[in-house]
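Quick look at what TrEMBL annotates:
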type	residues	note
DOMAIN	B:30-206	domain 'Heme-copper oxidase subunit III family profile'
REGION	B:1-21	region 'Disordered'
TRANSMEM	B:30-51	transmembrane segment
TRANSMEM	B:71-91	transmembrane segment
TRANSMEM	B:103-121	transmembrane segment
TRANSMEM	B:141-165	transmembrane segment
TRANSMEM	B:185-205	transmembrane segment
Amino acid sequence: METEVQQNQAQQETDPTPESAVKHLLSFALMIGLTLVAFAAVMLEVVPAGMVIPFILVLAVIQVFLQLFTFMHLDLKNNRMTVTFVMMGLIIGAICAVALFVLG
Amino acid sequence: MSAQVEHKGTQAHLPPHPEKATMESRNKVLGFWFLIGAETVLFACLFGTYLALKDSTMGGPSTEELYQIPMVALATFILLTSSLTSVLGVLGIHRNNIKQVKLWFWVTVVLGAAFLGLEIYEFFEYVHEGHTFTSSAFGSAFYTLVGTHGSHVLFGITWIFCLLIQLSRRGLNMETAPKLYVASLYWHFVDVVWVFIFTVVYLMGKVG
């Protein structure tokens, strides 16, 4: 972390294109890929009928974690409090969603 | 005007990570994550309601008949791309490059507006097919969920638009940089919600 900051400072003066954009572009390519696979799974009927819904849900969850940890710069070591609150939000949200779904 | 602004923007002593540089900016980001946690619960409840009510169509069109996947795919790619452009804007903040910040956040606003246009067009189509807010429980749940997301998009583009005006007037400094960072967090959150909407509402609606 420290060294990264120092690198950024050094690059600011010399090189206007630090390497970090590569990580984001890579993550973006992965997200597009996951989205394409999800749409293909539904439209082309390549996945066994009973497996489609779990399959696309897993793809969605992977994509969300990509967003959280690359685009939103959430990292487990330095933002423990933030991660705790987000996870609490997710857990309470999941309980509410399932409860409403089951009751309905 | 722009030459002046650039001068103002690049001469400021901006630390490499303005969003972590002061107690105020760190608290701003932490507080924003609390909001995201709360919003997650809001959307989760709307998702649960939608899943419970999606088959109560009252004789109206079903999810399978209604949804048009090509349009949803287009909207998804627009919003995903806007998520990338807003993160490129944040990288601009980290490099203290106001030109890059402005460019990418403007692209984000334009893409957000395009997404919103598509969604409005989609809602018009559905209303023509007899799928309205009051036509069935499915209709109410659908428009509440997707409409709440749409209103978040509208709020996001308005917010980022206002911040861009402020950026032009005041330059990139410790006041404006954390605000843009937080706005980009919000924008990613809106995109995360959309990932679940296109999966749970549209794709699962097609699977039946």
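Even glycines carry a Cβ here, placed using N, Cα and C.
A TrEMBL annotation is a machine prediction, not a hand-curated record.
It should be emphasised that the depicted structure is a prediction, and the values quoted were computed from it without experimental measurement.
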Outside the transmembrane segment (B:185-205), six or more residues from its ends: residues with CB under 8 Å to it: 29, 32-33, 36, 39, 43, 47, 50-51, 54, 63-64, 66-67, 69, 72, 75-76, 79-80, 82-83, 86-87, 108, 112, 142, 145-146, 149, 152-153, 156, 159-160
Per-residue pLDDT averaged over the domain 'Heme-copper oxidase subunit III family profile' (B:30-206), given as an integer: 95
